[in-house]
Amino acid sequence: MPTSAAEAARCRHLVVLGSTGSIGRSTLEVVRHFPDRLRVVGLAAHRNWPLLAEQCREFRPTWAVLADASVLPQVDRQAFPPTTELRVGPDALVELACAPGVDMVVASIVGSAGLHSAWAALEAGKTLALANKETLVVAGPLILELARNRGARLLPVDSEHSALFHLLEGRDRRDVARLILTASGGPFRGKRASELRAVTPEQALQHPTWQMGPKITIDSATLMNKALEVIEARWLFDIPADRLEVLIHPESMVHALVEWADGSVLAHLSPPDMRLPIQAALLYPERPPGPARRVNWQKLGPLHFEPPDVETFPALTLGYEAAQRGGTCGAVLNAANEAAVERFLAGDLAFLDIPRCCRAVLEVHPYEPRPSLDRLLALDRWARQEVSRWTHAHLHPIP
Ligand SMILES: NC(=O)C1=CN([C@@H]2O[C@H](COP(=O)(O)OP(=O)(O)OC[C@H]3O[C@@H](n4cnc5c(N)ncnc54)[C@H](OP(=O)(O)O)[C@@H]3O)[C@@H](O)[C@H]2O)C=CC1
Ligand SMILES: CC(=O)[C@@H](O)[C@H](O)COP(=O)(O)O
Ligand SMILES: [Mn+2]
């Protein structure tokens, strides 16, 4: 806790949305490391009330939210400290995102379910530490316009985008030739499509370098994560898709590179540890020593780079197409992918069907170049129904 008035004034008041997930838990590790600089005033989860209660007992926030109200009958209110007000439902989540006295909102809910609360935080002028890439994939231009209009700062947490944000800071964007995002290649790097027909969720959930939640881990295996990141970067850095490149880098030590017009390249290196980009956002613009692992240059060994295999991993091509066309494409691709990943994890869809199904939905969707937020949300619902139809029409036993 801050000990003087000066320290208290420097202390940032945080709300962590999705505190029970992988990014949420890493965020709380960073907070634990900086008790004088960061104070948690609100925590939110979907249904995992035992972990939320444990986090509340440690961090003593003013508010806690469970976004899924149907979990309420199971909740033991005595598990929460009496000083924490527990609220339930999606409206409570949105209210928490714009609560008074909150400086920064960490958006670490997974999927487009995180969009409303991220939007509310920006609308209220809060600084948004954005891990939830789907918010920008679905509604990038609207989100950036909102942030501009409200004078709200948007700090990327996604490791590649955090790296690019810091590499580009203070530089003249007109001198950028290309932005390069690295990808680990996932657990199936080097495989041919014919070897991936019978992939199980357990195999696809074995990420080689990062410990993450299930949805993004499957996205890494299909390379859809990089597809979403191309769209995220397209809006965040206002750069056309043909100047965004993806490079497979299995060590996940280099997160992004900026190639300047004169041919020089700046790279961002750190071990694969999300506590670093999270800390960079929470304490921005300062970079004090924190809990993240550091590069050991003596033991680092060789770093490898290779082009992505888009024949085996066609999701990446979908990302480029959606980034180029813009409009409704991001929302439709994202929702189709979320629904397809859910079905794959449930055993209803084969691994190779994830990008096939996404392409089919993207191709038949009623494209609009400048959709409203309501239209994007309607298309999100529509795309999920289309995935259901597609799955039923293509039902075949998974070998
Ligand atoms: N994990 C990582 O290293 C990285 C993640 N990201 C991005 O960060 C986001 C979070 O990822 P990750 O932490 O891995 O995901 P997890 O699945 O680990 O955590 C998701 C969190 O969101 C909550 N949640 C899920 N659905 C809802 C909902 N409908 N309403 C409210 N809350 C909900 C979960 O609550 P509950 O526990 O109760 O289910 C949980 O707290 C994603 O957008 C991902 O792409 C980006 C870069 C790296
Ligand atoms: C940690 C992070 O930012 C993830 O988005 C990561 O990039 C996923 O790994 P892949 O590089 O395999 O997609
Ligand atoms: Mn990333």
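Here the Cβ of each residue, glycine as well, is placed from N, Cα and C on the backbone.
Site annotation (TrEMBL): NADPH is bound by Thr20, Gly21, Ser22, Ile23, Arg47, Asn48, Asn132, Glu134, and the candidate from Gly213, Gly263, Gly290, Gly301 recorded at this site is Gly213. Together with Lys133, Ser159, Glu160, Ser184, Ser220, Asn225, Lys226, Glu229, the 1-deoxy-D-xylulose 5-phosphate site in TrEMBL holds one more listed residue from His116, His207, which is His207. Cα distances from His207 (1-deoxy-D-xylulose 5-phosphate binding site) to the binding-site residues Thr20, Ser22, Asn132, Gly213 are smallest for Gly213.
Looking only at Cα atoms, Asn132 (NADPH binding site) sits nearest to Asp158 among the binding-site residues Asp158, Asn225, Glu229.
The C-beta environment of Lys133 (1-deoxy-D-xylulose 5-phosphate binding site), restricted to residues of the same chain at least 6 apart in sequence and closer than 8 Å, consists of Asp158, His161, Leu228, Glu229, Glu232. In this structure, the binding-site residues Thr20, Asn132, Asn225 were compared by how many other Cβ atoms lie within 10 Å of their Cβ, and the smallest count belongs to Thr20.
Rounded to the nearest whole angstrom, the C-alpha distance between Ser22 (NADPH binding site) and Asn225 (1-deoxy-D-xylulose 5-phosphate binding site) is 16.
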